[in-house]
Amino acid sequence: MGRIQQAFRGALLMDFWSAFGLGMRYFFAKKATLNYPFEKGPLSPRFRGQHALRRYANGEERCIACKLCEAICPAQAITIEAEPRSDGSRRTTRYDIDMTKCIYCGYCQEACPVDAIVEGPNFEFAAETREELFYDKAKLLENGDRWEREIAKNLELDAPYR
């Protein structure tokens, strides 16, 4: 009986049709991957991407030069220099982040009392030279201006958990 069954299965190509059916089931199923450069997956409001310095609605920068972010940074990637202004407040004259040292832990964002330094939604910031990964105050403010709407929305969504 075994030989007859084996001959019958071989003649009807049962193994082939079984494998073909399995392949067709996955061929028409929903794709599990994305076509990355053209499609992007959803990001969490807590996503930690490229750093940015924010401004108030009137255009004044938020950073009060408290240097908490510099003190808490475990990688020592942040360098801040400040000087007093005529009204007695402090403002930064230099705010640099060495992105080659940064470990994207988010401590700088958590330590900031005025939400001046944030990690934005951008994760595509490859560079050809090492110098391009040293962000100065102008570059950080530019990032903040570019993504302010998304950053504000993400901070609002994350507010209940802070």
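Any Cβ shown, glycine's included, is placed from N, Cα and C.
Per Swiss-Prot, the features are as follows:
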- Cys63, Cys66, Cys69, Cys112: [4Fe-4S] cluster 1 binding site (BINDING)
- Cys73, Cys102, Cys105, Cys108: [4Fe-4S] cluster 2 binding site (BINDING)
- 53-83: domain '4Fe-4S ferredoxin-type 1' (DOMAIN)
- 93-122: domain '4Fe-4S ferredoxin-type 2' (DOMAIN)
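Known features from Swiss-Prot, placed on the structure.
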| residue | record | DSSP (3 states) |
| --- | --- | --- |
| Cys63 | [4Fe-4S] cluster 1 binding site | coil |
| Cys69 | [4Fe-4S] cluster 1 binding site | helix |
| Cys102 | [4Fe-4S] cluster 2 binding site | coil |
| Cys108 | [4Fe-4S] cluster 2 binding site | helix |
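Distance from the CA of Cys66 ([4Fe-4S] cluster 1 binding site) to the CA of Cys102 ([4Fe-4S] cluster 2 binding site) is 20 Å. Distance from the CA of Cys105 ([4Fe-4S] cluster 2 binding site) to the CA of Cys69 ([4Fe-4S] cluster 1 binding site) is 12 Å. Cys73 ([4Fe-4S] cluster 2 binding site): 20 other CB atoms within 10 A of its CB, across all protein chains.
Around the Cβ of Cys69 ([4Fe-4S] cluster 1 binding site), 22 further Cβ atoms fall within 10 Å across all displayed protein chains. In the structure shown, across all protein chains, Cys108 is the one of the binding-site residues Cys108, Cys112 with the greatest number of other Cβ atoms within 10 Å. Within the same chain, the residues at least 6 positions away from Cys63 ([4Fe-4S] cluster 1 binding site) whose Cβ sits under 8 Å from its Cβ are Leu53, Arg91, Thr92, Tyr95, Val114, Ala116, Ile117, listed in sequence order.
Across the structure, Cys112 ([4Fe-4S] cluster 1 binding site) and Cys73 ([4Fe-4S] cluster 2 binding site) are spaced 11 Å apart at their Cα atoms.
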